[in-house]
There are 2 protein chains.
Amino acid sequence: MTDNMLPIQPQFRIFLSNLERQMSDEQKEIWIPKAERFEIFGSYCQTELGHGSNVKGIETTATFDAETDEFLINSPTISSTKYWIGSTGVWATHGIVVARLIVKEKDYGNHLFLVQLRNLDSQEIMPGCEIYELGPKAFQGMLGTDNGALTFHHVRIPRDQMLARNAQVLGDGTYIPPKNLKHSYGSMVTVRALMAEITGWDLLKAVTVAYHYTNFRKQFSRSGNGHESPVFDYASVRYRLLPLLAKATALVIVSQAIKRAYEEYTAKYLRTDDISQLEDLHLQTVGAKVYSTEITGYGVETCRIACGSHGYSALSGFGRMYANSINAVTYEGDNFVVAQQVPRAILKHFKAGTESSIPSLSYLSVLRNATTPQPLGIRSPSDWLKRDSQSFILEQQVAILVQQHMEDTKAGRDTSYACHALTMAHGDFVYWKGLWEVVDNIPSGEVYKGSMVALAQLFSLSIMTSAHIVLCLPLTLTAAQRASLRLAYDAVIVEVAGKHAQNVINAYGFTEFELDSALARSDQSPYEALLEGAQKSEMNHMQHLWPMMVDTRKMWRRAQRDIQKGGVKSKL
Amino acid sequence: MTDNMLPIQPQFRIFLSNLERQMSDEQKEIWIPKAERFEIFGSYCQTELGHGSNVKGIETTATFDAETDEFLINSPTISSTKYWIGSTGVWATHGIVVARLIVKEKDYGNHLFLVQLRNLDSQEIMPGCEIYELGPKAFQGMLGTDNGALTFHHVRIPRDQMLARNAQVLGDGTYIPPKNLKHSYGSMVTVRALMAEITGWDLLKAVTVAYHYTNFRKQFSRSGNGHESPVFDYASVRYRLLPLLAKATALVIVSQAIKRAYEEYTAKYLRTDDISQLEDLHLQTVGAKVYSTEITGYGVETCRIACGSHGYSALSGFGRMYANSINAVTYEGDNFVVAQQVPRAILKHFKAGTESSIPSLSYLSVLRNATTPQPLGIRSPSDWLKRDSQSFILEQQVAILVQQHMEDTKAGRDTSYACHALTMAHGDFVYWKGLWEVVDNIPSGEVYKGSMVALAQLFSLSIMTSAHIVLCLPLTLTAAQRASLRLAYDAVIVEVAGKHAQNVINAYGFTEFELDSALARSDQSPYEALLEGAQKSEMNHMQHLWPMMVDTRKMWRRAQRDIQKGGVKSKL
């Protein structure tokens, strides 16, 4: 179950990444070797029972005691209980705790502190710490992760366990502020950069299982000759699965570029402390996180439902896949909350006139032109395959939503709901642009170029089919243009289904172990695998319950016999 | 866990309903008292491993043996294994088996046969039957239902256990065909008529939990005065939850009317064998099934996600609610498959010119008029509250989709994907009409009339917000009309949130037991309930694993010490 993460992942990576980015050089020398050798195993303790996305509301305190040169870590309320902390219900020996720094009764806001949680030789919880594992999650998701609840009862740690790369507290209580306030983005940016690509692979696995099964499963006859047709041959299945194959491919390819950019930034930052690119990376990873997790979470479930009733068997593996991917719309920043950061950045650049410095904001130039653009001159379905038509629709989509967002903001309206659609539209444009950049760069001689072009067209037409409905008069598509867009979409679906889908899925080359589904085995048909699974159900061996069942059924008969004999005698 | 059905429900009702509708009077006299007294307990065995919605493809055979006056029930292939049969993995003693009737090598198609599956005195599986319980379902859904796989190895049953109200086989093998071929709709119509209302209640429970929690949970400050605001006060939460409150209310109210119509039909049918209304009831229940299950399944999950990270705790109850409601888009006919029946019926009535006989098809008159209607003359947000504007948008939505469906059908295109949107648009219109009929009939003096009107307006504006985007030129809304629709929607959201939502939820009056969620307790805050739940996690008592954890961490240190001592000696 490769998508049921081991309890130590991704915490191992997040912990190390924080030590690297937030510790002073002296601290790193002590702690990083221990963490790398797994002598200690740490987690990142930010979220509280009462505060998630609103990090500023965190209540845990770290109060400096100058006499003993220590901080006292404390959970003052039930809502300050650290909650959902990964790998901490059972495993973690240390935690990087986000807490409000208090020195001489002054509150300096959130800082990071390294706190030992468990005895290294016995795994016993350290005095003053109270830790519980949270128990089952929805859909039995993330089974392998021991999420923890942590309460700190005035736990003392030495002063040098405050992570001191940026801010510091001296022995006399002097507070040295950080050179730059943006450094704390780092941890979430790390995770989000990883997430965007991983989600793409998760969706590809679900699509692969569904593709395999819907090509096996036959139902009804399309031709009318009495022979049943594979359900994959029906539009109802193709229009659900194939756009997801294209979208998942876009997620993997474009997110890889974002991850590379982040890795380059980190390497540079560790050499030079240069954080000039962090804000843009933050914007990119937030946008990618919202876009990729929405498409993947709901996409996995679409794959399951397209497989009909057998998709609902736990043996199909889809339940596990959904349980482990849909939560990503919530963690590392609830999508509706973090989606608000994208329009905020767009507006900032638009107002400052700096949008040309960010390639993915090119659509803002549409808003700079006071004149209304000409409606599209589409004459045939193939016109929709042209890059100009595509960019027109996708740029107009974002531009109209940005325009609306600016008006709403001006009018003082709450934009927290509408922002989500804007961020998704921004994602459509960014991923569309990024996907074509990669596909266009494939040399013409490559055998897979044709398949990649077809997938990119499918991605484009699929998102345009939703995007065009945002267009207002006079840009609204005419009935004829709508009809030709549908025909273009039909044609690319047929092309991908007939010529490319199988090759693309083969190229991804998932193993049976990775897919872990009774619907996609090489040595058994789905029906054989399902039936074999049923034969293993524990409930087939519950003979000890049979007498109860027989008795239950006889009760009424006995009661009736008693009634016929002259009434039941009340024994009460 | 009221939504985790007892293993004997709804099979008890389906079984009885089939005996009543499909047995001859003589058969009823024998079997109905047994079933009512629960001496026998039966299930409905239709779906096979290889055939679900395509009932005509069923492979199980019932071959008549004139010599012994028996039928031989047989599963000739692995794909003919009866699968997903409710209450049959452990409980059922009898099954109504759908099988192809074979007499003298002639195949008469599907008929119903009563087969004993288990010994009444010992619960042991009967000779010739092979039965397995299917094991876990996705998301641990329907935990209480023992779905079964059944293989029949030439099982013999007496001739009088073929359900003989409609078709019969005489002792000499003469086949008496049914008077009417439509009778077999009955079973699915029963279940679907029940489902449409039940789903409404399921959605209401999820909305109630989310409403309670999002009013408790505070995050960020809306006013900027530093005081955190309930997350329910944000548009991002209100625009997700409140339309669902209105939709769930519509589902309950309109589906009750459909169920009543079905009950009246059944009572009449049992007296008169009159099935003239069955086709329309079939259409109504199919449409209601698709519409209600789509809204409920995805709606429950929307409620969970609107609750953020704590929605992902199993303690919230949302996981269980989703697991037990989303499968309804698949069972009793996959929504994408059965959705095709609605346009089929629409076309039939349109072609025959009989649409005026079905009130819910009134929108077809739009298509009869060759002239294009005038675009809407909306001048202010309040114009959207008028019944005329609403019916215009909703009628045009269906009319355009019907028009498109007719063109697609004419062109020989596969409409199986597009039909789904058409059936949902049909549902919008039917439920909109049905909801106002009920709300308009509430006497003006009733204290709850104001709340019901507000909910009906919210329902209307919510569906119109999606419906208007289907409108083509020249009916497309202008930018100003779109803006005013948004303002009208805003206004009704504010009104329902501020004045009605709490009253409506109080009026539904769900108990804590029914909601079964840590997020909605009367004597504990959600935080207290979650933390108490965490304290009960089994994983808090896994001390036996601690030495392994400590050892694991020490391995690397030992290896390194050995290396320092002069290299690890290879023992291989």
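Just so it is clear, glycine is given a Cβ too, placed from its N, Cα and C backbone atoms.
Pulled from TrEMBL:
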- A:Glu332: active site, proton acceptor (ACT_SITE)
- A:Thr47, A:Gly86: FAD binding site (BINDING)
- A:2-41: domain 'Acyl-coenzyme A oxidase N-terminal' (DOMAIN)
- A:185-347: domain 'Acyl-CoA oxidase C-alpha1' (DOMAIN)
- A:398-543: domain 'Acyl-CoA oxidase C-terminal' (DOMAIN)
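Distribution of TrEMBL features across the structure.
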residue  : record                       : contacts (Cβ under 8 Å, 6+ apart)
A:Thr47  : FAD binding site             : A:Lys82, A:Tyr83, A:Trp84, A:Ile85
A:Gly86  : FAD binding site             : A:Pro10, A:Gln11, A:Ile14, A:Ser43, A:Tyr44, A:Thr145, A:Asp146, A:Asn147, A:Gly148
A:Glu332 : active site, proton acceptor : A:Met188, A:Val191, A:Arg192, A:Met195, A:Lys289
Against chain B, in sequence order - recorded positions A:Thr47, A:Gly86, A:Glu332 with Cβ under 8 Å: A:Thr47
Chain residues outside the domain 'Acyl-coenzyme A oxidase N-terminal' (A:2-41) and at least six past its termini with a C-beta under 8 angstroms from it: 86-88, 90-94, 96, 112, 114, 120, 142-146, 160, 163-166, 168, 183, 186-187, 190-191, 194, 202, 205, 266, 269-270, 320-321, 324-325, 513-514, 516
Residues in the domain 'Acyl-CoA oxidase C-terminal' (A:398-543) grouped by DSSP into helix, strand and remaining coil: 107 helix, 0 strand, 39 coil
